[in-house]
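Taking it in order: structure first as structure tokens, then the write-up.
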Amino acid sequence: MSKGPGPGGSAASSAPPAATAQVLQAQPEKPQHYTYLKEFRTEQCPLFVQHKCTQHRPYTCFHWHFVNQRRRRSIRRRDGTFNYSPDVYCTKYDEATGLCPEGDECPFLHRTTGDTERRYHLRYYKTGICIHETDSKGNCTKNGLHCAFAHGPHDLRSPVYDIRELQAMEALQNGQTTVEGSIEGQTAGAASHAMIEKILSEEPRWQETAYVLGNYKTEPCKKPPRLCRQGYACPYYHNSKDRRRSPRKHKYRSSPCPNVKHGDEWGDPGKCENGDACQYCHTRTEQQFHPEIYKSTKCNDMQQSGSCPRGPFCAFAHVEQPPLSDDLQPSSTVSSPTQPGPVLYMPSAAGDSVPVSPSSPHAPDLSTLLCRNSNLGSPSNLCGSPPGSIRKPPNLEGIVFPGESGLAPGSYKKAPGFEREDQVGAEYLKNFKCQAKLKPHSLEPRSQEQPLLQPKQDMLGILPVGSPLTSSISSSITSSLAATPPSPAGTSSVPGMNANALPFYPTSDTVESVIESALDDLDLNEFGVAALEKTFDNSTVPHPGSITIGGSLLQSSAPVNIPGSLGSSASFHSASPSPPVSLSSHFLQQPQGHLSQSENTFLGTSASHGSLGLNGMNSSIWEHFASGSFSPGTFPAFLSGPGAAELARLRQELEEANGTIKQWEESWKQAKQACDAWKKEAEEAGERASAAGAECELAREQRDALEGQVKKLQEELERLHSGPDPQALPTFSDLEALSLSTLYSLQKQLRAHLEQVDKAVFHMQSVKCLKCQEQNRAVLPCQHAVLCELCAEGSECPVCQPSRAHTLQS
């Protein structure tokens, strides 16, 4: 979380002693600033009370939800003092409950959630520049919509001072101002620059980009906690969320750690179990200052206001540098009679550029400059990196050419990690062009590789044209040529093409390299190559016009180049299977002293040693085979005798190998079909298992429901048996098992019930008919009410006839 300016380090405009009364007057506030100062988190959210607030998680609501989030409005009284201090915290305030014994009249600062009372105080709100950038909507990427710090000069406001602070400032203004105190009387923008100038004066190396990239926020701040007054200008970390692992000691990617960052919020780095050994970023600082992302995007503050408060500690680019052009020499530096070569501007100790001629004895080695701070030391470092490598292109910031402010390519408004394989390959190609133009390479590395490539050349010379093995070997030799530094060559007549140009992708991960590795495992002695060459040497006589292929001589004259046909670029786009012609006749006119004897043997001819085809092979070889009358895949006419039989056997073995490969492909297809069938059966079995599981779950739920019903019925039955009104008595054996006190209680209950039953019987006898005992009694003509109407019709009154009544009663 960004730190606001400290109590003594906040940006403010100085007030002279005569203007104290004027400063105490109420200053006008912008409408948005006034709204936040007056209403932010001062009232409870009405929607949260109804559980309808949608800004609770994450908590971004303008109003407070809990008491510990409540903020008191800061007010400056008529006497010039604040209603509560903007710096001194209350020791009685409970941060959990949000209650203070002195209530709102407490003269000290309450540490509410987010420290809102201090951040949105009249003294500090929007008086300092935020160190974090803004998103597309203009909101702070760290603190969100309610950021208490200014984003640009237009968002700054002048602080409101307490009368006591003004008096202290007047006292300091009378000649006792220190370096720290001088920051008090500056504007917000000047204060931030003053802080940066202070730290740069203590350690000038912070002005170097490489030093910032390697050391920024990697060491803890030496000042006590919460007493560092430099704020965002401090290059040291103050907590774990601000810490950055040194990229020199720890290797990690530019992607955030999923255990630390959830959504847009960075959590505690301690939640990651891997700790410092994690391969991902743990803090926003680590991600912004990662070597892959650092200075890869333009600074928003520089685009909006033309200045950045973070200065050299900003992770974004401040100066747009022109990209490296294809031709490293601009038009203004073309060689002239008065200017024999390109003029280089070398950085001096004073920081400016000094022109140095390449022929000057003080001119440094250009290859050393090109390879400084990069991996251009060897060709393997250039071409051996596999696709997808996160290594950035070599940096060429050590050389400055006329008309260019720098050679380091600057590209902005791109997502982090935009260095794809194709762009890396393009940068490698540009760097090779730079080396080829500035300093001729030695041919020793290429000549050292000839013994390794010689067996493959011999294999190429004895195999028929158009065979798969021949094309594989030619492709592998192409890869070998591409892996060596480019040799000096004349400018081709075809624009935009270079015979020494590198392949676009590193050659270590191509199909040719795989075949080349397979050929390294072959023993060429098994093919009888030595005997075949011996036969050729004995049966042929070399002459000046003959062509050498892998040490063997072919009785044929050297090819003749047709004038005017070399300027066309049709050979580069030809769709025919014939090999391409040579690139340019300029190669034929080069002195032979440029190439070593081993390289002449490798290229295959002494007359046209510099003429290379598209694939890096000698074009005269292809012209010789193309001029023949045989088709691809047939044997040349010069091959006869035992060598032809041996080649026929080799070709038969190759065909058998191809047939075996086809059989393996068929077997693989059958296995794949069987695997697909098994996979389908497994999916169906899984679906059936899922359906059975669902049915089992349904049956389990039904069983649980029935068990619940049985349990309820048992409880109801027990309640009936043990309740105050038992419906049935236990058996005699059960009574004996009861205790005497329980029996007494049961007897008492039964007697009470018996009395109730007697009363009910007596009542029913008094109202029911004495004869049927079902219908209610009716008044008879004799004025007696003992029988019902039905019984009175068929019988006489039992009262009038006592004997009858006695009979009925009995």
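Note that Cβ sites are derived from N, Cα and C of the backbone, with glycine treated the same way.
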Between 1-24, 169-192, 409-432, 505-528, which stretch does Swiss-Prot give the note region 'Disordered'?
1-24
Among 124-154, 682-712, 713-743, Swiss-Prot marks as zinc finger the stretch 124-154
Can you dig out which of the ranges 365-398, 569-602 Swiss-Prot describes as region 'Disordered'?
569-602
Quick check on the annotations: Swiss-Prot lists zinc finger for one of 84-113, 624-653. Which range is it?
84-113
Measuring CB to CB from SER240 (phosphoserine), give everything in the same chain under 8 Å that is also at least six residues away in sequence.
ASP268, PRO269, GLY270, THR283
Checked against DSSP, the composition of the zinc finger (251-285) is 8 helix, 6 strand, 21 coil
For the zinc finger (124-154), the DSSP helix/strand/coil residue counts are 2 helix, 5 strand, 24 coil
